[in-house]
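Scroll down for the structure; my scribbles are underneath it.
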Amino acid sequence: MIFMRLCRYHQKLLSTHRLKLSQCFSTDKGSSIRDGDDDGSKSDFRHHKGTRDCNNQQIILREKVLNKIIHCFKRHGAETIDTPVFELKETLTKKCMYGEESKLLFDLDDKIGEQLSLRYDLTVPFARYLAMNKITNMKRYHIGKVYRRDNPNLQKGRFREFLQCDFDIAGQYDAMIPDAECLRIISEILNSLDLGEYKIKVNHRKLLDGLFTACGVPRHLFRTICSSIDKLDKVKWDDVCKEMVNHKGLDPTTADKLGQYVESYGNEVSLDVLLKDEALLHQKKAVEGIEELRLLLKYCEFYGILDKVVFDLRLARGLDYYTGVVYEAFLQEYETGLRSKGGDGVTVGSIAGGGRYDDLVGMFDSKGNMVPCVGLSIGVERIFAIMEHKRAESGDSKFPRSEVEVYVVTPQKKMLEERMRICKELWDADIKAEHSYRKNPLTLNQFQYCETHRIPLAVIIGQSEMQAGIVKIRNIATREEHDVKRKDMIEEIKIRLSAMKQQEE
């Protein structure tokens with residue numbers, strides 16, 4: 001008896017110790033489920049902070065967004081690829097291509113003799129893919145999850161595991177033609193999603209490098225200062241200046257010179273203003289950057305998006321692999337704060353971005369062969385967050401429309417077999433259909449299911465319909481019913497579904 005008591009006491013101590021350890025290593029304040037153990041202790045089950053579970057309503061919303069994005073990518077001739085979710089760590093840290101962002105890599109436990117990390121983005125794996133397969137021309141899109149050991153903010157759509165949607169053009173082409181098409185694709189996608197007014201801000205890394213030289217920034221600080229400038233859409237210049245001087249060792253006088261340019265030219269000014277700046281005109285790279293930007297804006301006019309594109313000297317894009325034009329898209333409504341009823345404003349940052357990276361593929365090629373590339377990434381997680389916010393603000397608590405197109409209803413008992421026969425016919429005709437899993441469901445429950453899940457049509461079959469060789473087709477929204485011959489059921493349903501789809505478009 002004493003021995004059994006000691007065993008139970010020891011087991012309880014171990015359970016308590018495990019619980020305390022799990023609490024020490026988890027700071028997630030998200031949802032959790034607690035189950036009681038036999039000894040009365042509690043176990044804590046939760047997802048890792050910066051990740052989340054998605055319910056069916058969220059998945060339906062995501063699929064609609066992704067379908068529009070994929071349709072746009074394919075309209076511009078892209079093919080798709082996939083790459084492993086983890087890479088050799090050396091691949092992701094080669095020549096510090098992520099710059100200061102390298103600290104956000106998720107390293108995997110080394111138990112197989114190789115240092116591995118989860119992919120930080122889809123761009124570096126794409127460059128590795130091109131070099132490894134000796135591909136010099138490609139237009140591709142890739143949708144997949146990436147991982148960053150960042151401080152998450154779910155309300156802003158910032159996660160540690162999140163989805164990226166990338167489109168890239170690889171190959172040697174004339175200046176700014178592929179770049180302008182990338183801006184056109186961003187515009188097409190944002191228009192199709194109907195999120196509100198937006199602007200696509202553009203800048204050029206050559207212009208920034210020329211500016212840094214003109215202001216006296218040492219060459220070895222170019223990329224880290226670029227990373228600081230990139231924060232100006234989130235924090236004020238004074239804070240950025242302190243970071244550059246106090247933490248990165250930039251001379252205060254040089255920082256002041258940078259500040260004068262940022263304050264004067266950093267808010268959607270004309271490129272013609274920069275061409276009058278004597279200090280910049282003496283920098284070859286700066287002049288090249290300005291001329292390429294002027295050409296880009298010219299092509300944007302041909303593509304009908306010039307009114308959406310603005311030059312902003314503050315835009316830098318913090319990643320080290322960018323070599324030319326860079327751009328980011330912002331929703332004007334949410335750039336200064338996404339506001340909830342009675343709450344504070346929350347910025348969501350850019351919802352798309354990208355740029356040119358001409359040197360990246362060469363880093364992975366054994367002979368250093370270069371493949372110029374330009375691409376874009378759609379910030380779908382932030383788009384999802386905005387859409388969910390808008391839905392909550394509007395008070396729309398309805399289920400999103402189900403993928404199911406037809407629900408088979410029987411108002412009488414002992415009709416299960418007939419429901420199953422009709423469902424088979426609908427499935428064989430590639431019509432999405434459902435019926436109740438109860439043998440004798442109540443009629444009201446069947447129609448209520450249709451309305452709750454917003455299923456557009458119902459096929460009603462009873463004894464009298466079977467004897468007459470007909471079915472009733474009911475429009476769930478209007479509750480109108482029409483008799484249709486059983487042999488014409490499939491054709492009639494397809495006609496109605498097609499008409500409903502055209503009305504929605």
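Positions of Cβ are set from backbone N, Cα and C atoms, glycine also.
Noted in TrEMBL for the protein shown:
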| type | residues | note |
| --- | --- | --- |
| BINDING | Asp121, Leu122, Thr123, Arg148, Gln164, Asp168, Arg317, Tyr321, Tyr322 | L-histidine binding site |
| COMPBIAS | 31-44 | compositional bias 'Basic and acidic residues' |
| DOMAIN | 61-411 | domain 'Aminoacyl-transfer RNA synthetases class-II family profile' |
| REGION | 27-50 | region 'Disordered' |
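Other C-beta atoms found within 10 angstroms of the C-beta of Arg317 (L-histidine binding site) number 22, with every protein chain shown included. Across the domain 'Aminoacyl-transfer RNA synthetases class-II family profile' (61-411), the model assigns an average pLDDT of 86. Between the farthest pair of Cα atoms in the L-histidine binding residues (Asp121, Leu122, Thr123, Arg148, Gln164, Asp168, Arg317, Tyr321, Tyr322), the distance is 21 Å.
Cβ neighbour density within 10 Å is lowest for Gln164 among the binding-site residues Thr123, Gln164. Annotation for Tyr322 (L-histidine binding site): same-chain Cβ neighbours under 8 Å, separated by at least 6 residues, are Arg205, Gly355, Arg356, Tyr357.
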